[in-house]
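A short worksheet on the structure shown next.
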């Protein structure tokens, strides 16, 4: 009996840590290796749940998700991604909390967020509504844009962000560039090249957006541009090479799906990108621009300069710079100010109740923030940021529901603070003898 109980506990634990769904369910388990093939290249409608096995809300959703999958079988595809295990997929679609449900309709590159109820009935209703809309769009001749990946190389709209290179343009664009280049050498008749083309095109667009053009994807017809093919020893198709300034080209040996290519490109970007700027909040433009142009902006409120001196403040800034470099792949914004300088910002974020220094991370798009409640140390901040990167941690709405007003101020001059100089009082007219008599 004890062995039976232990076995049941072990099985339960295994299921809890490995995933919430099994092959016997009607829910299709999705991973980086099959997501593009199953979802992106599909003509049908998909509902995809991004979950974490440890998430209580996900566990409560599981039976309802299975119920919906069974009801929608052969009508609408219902899938699930263990985003705790496959973080690249979660990051690719901006998943910040669990569970997150997305509807992949006509335009698979721009899924819609599902905001409905968490019951099987509500999920089925939403799926059928989305399916009706998909059919109406098709009747109206709207395809939803590039999604199926079936266009050929002749369709320039599907590969607008892939740079076509030739023997004449290669050196100027690639070798003389400070950017990182991933170059595909292909042959028009090559079947593997045709299969790669839609993945390469979709990846090019996403990489351009996420790296702001610092990593570029290109293509060379090696049957026409034989000088390049000979120079780089191209003997099979497709061959992908990575070019970085001042280094010899290296072969790309990763997967051939969009997510694989994007993941490698982001790694290259992270390796070559300088650390993010750590900016002092001295006006509204700096604060709003930093927060609105990044998925998250990390705001540190340091003690007043009179409390720490220049040495103390610089030690805090060094910690922040170190962590900004560590998390630069996330492409967050980084800001700092001193206690009391931005009262409305502190008030909107609930900062100050735990003393200084303090920290918050703001999502300006959703007007929500998370507050550091651990120690303001490298280890404490790292744990806080790590939880954020996994979509964990509690959040709250920004006070007032909008970005707080920023008070313009002069930037810190890098020096120790000075106490205000008191005005000298002229005592020459004071009759001390008269004061003594009056006191008596």
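From the backbone N, Cα and C atoms, a Cβ is placed for every residue, glycine too.
As annotated by Swiss-Prot, compositional bias 'Basic and acidic residues' applies to 152-161.
Here Swiss-Prot flags 419-440 as compositional bias 'Acidic residues'.
Annotation for residue 55 (disulfide bond): spatial neighbours 98, 99, criterion Cβ-Cβ under 8 Å with sequence separation of six or more. Taken from Swiss-Prot, the feature disulfide bond applies to 55-58 (among others).
Residues annotated as disulfide bond in Swiss-Prot: 190-193 (among others). A coil conformation is recorded for residue 190 (disulfide bond) in the three-state DSSP classification, outside any helix or strand.
As annotated by Swiss-Prot, domain 'Thioredoxin 2' applies to 151-287, with the evidence given as sequence analysis. Secondary structure of the domain 'Thioredoxin 2' (151-287) per DSSP, as helix, strand and coil residue counts: 56 helix, 27 strand, 54 coil.
The annotation region 'Disordered' is assigned in Swiss-Prot to 139-161 (among others).
Residues or ranges marked as region 'Disordered' in Swiss-Prot: 399-440 (among others).
For 437-440, the entry in Swiss-Prot reads motif 'Prevents secretion from ER', with the evidence type sequence analysis.
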Worksheet item: At the Cα level, what's the spacing in Å between residue 58 (disulfide bond) and residue 190 (disulfide bond), rounded?
Response: 44
Item to complete: Based on DSSP, name the secondary structure state of residue 58 (disulfide bond): helix, strand or coil.
Response: helix
